[in-house]
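**Q** The structure's right below; bear with me while I get my questions together.
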Amino acid sequence: MRTLVILAAILLVALQAQAEPLQARTDEATAAQEQIPTDNPEVVVSLAWDESLAPKDSVPGLRKNMACYCRIPACLAGERRYGTCFYLRRVWAFCC
């Protein structure tokens, strides 16, 4: 019976130790979301993937380290439309 209590205590300590980093990550994510302005119709898209898995020339003309955004209603001057984004049940222009 003592062994069961000790194992349960160790399990609870381990679960609590894992929960604290999760809470810290949740707090960081909440703080990051609060910093995003809601009145701006611009959405920043950040993508990361393994370069070896990406199809070559999947988007002609798109270069590495190019800043791309989903915009409504159209791209800004100097940007080119490369496709479409679907966000918040709306269609946005994918501009780089």
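Residue numbering: from 1, along the chain as shown.
Backbone N, Cα and C atoms are what each Cβ position is placed from, and that goes for glycine too.
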**Q** Could you identify, going by Swiss-Prot, the member of Cys75, Cys85 that forms a disulphide bond with Cys95?
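**A** Partner cysteine, according to Swiss-Prot: Cys75.
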**Q** Calculate the distance in Å between the alpha carbons (Cα) of Cys96 (disulfide bond) and Cys75 (disulfide bond), and round it to a whole number.
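**A** Checking the Cα atoms of Cys96 (disulfide bond) and Cys75 (disulfide bond) gives a distance of 8 Å.
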**Q** Between the Cα atoms of Cys85 (disulfide bond) and Cys68 (disulfide bond), find the distance and write it as a whole number of Å.
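**A** Rounded to the nearest whole number, the Cα-Cα distance is 11 Å.
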**Q** Counting across all protein chains shown, how many other Cβ atoms sit within 10 Å of the Cβ of Cys70 (disulfide bond)?
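**A** A 10 Å sphere around the Cβ of Cys70 (disulfide bond) contains 20 other Cβ atoms.
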**Q** Round to the nearest Å and give the CA-to-CA distance linking Cys70 (disulfide bond) with Cys95 (disulfide bond).
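**A** Cα-Cα distance, Cys70 (disulfide bond) to Cys95 (disulfide bond): 6 Å.
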**Q** If you count the other Cβ atoms within 10 Å of each Cβ, which of the disulfide-bonded residues Cys75, Cys85, Cys95 comes out on top?
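**A** Of the disulfide-bonded residues Cys75, Cys85, Cys95, the most buried by Cβ count within 10 Å is Cys95.
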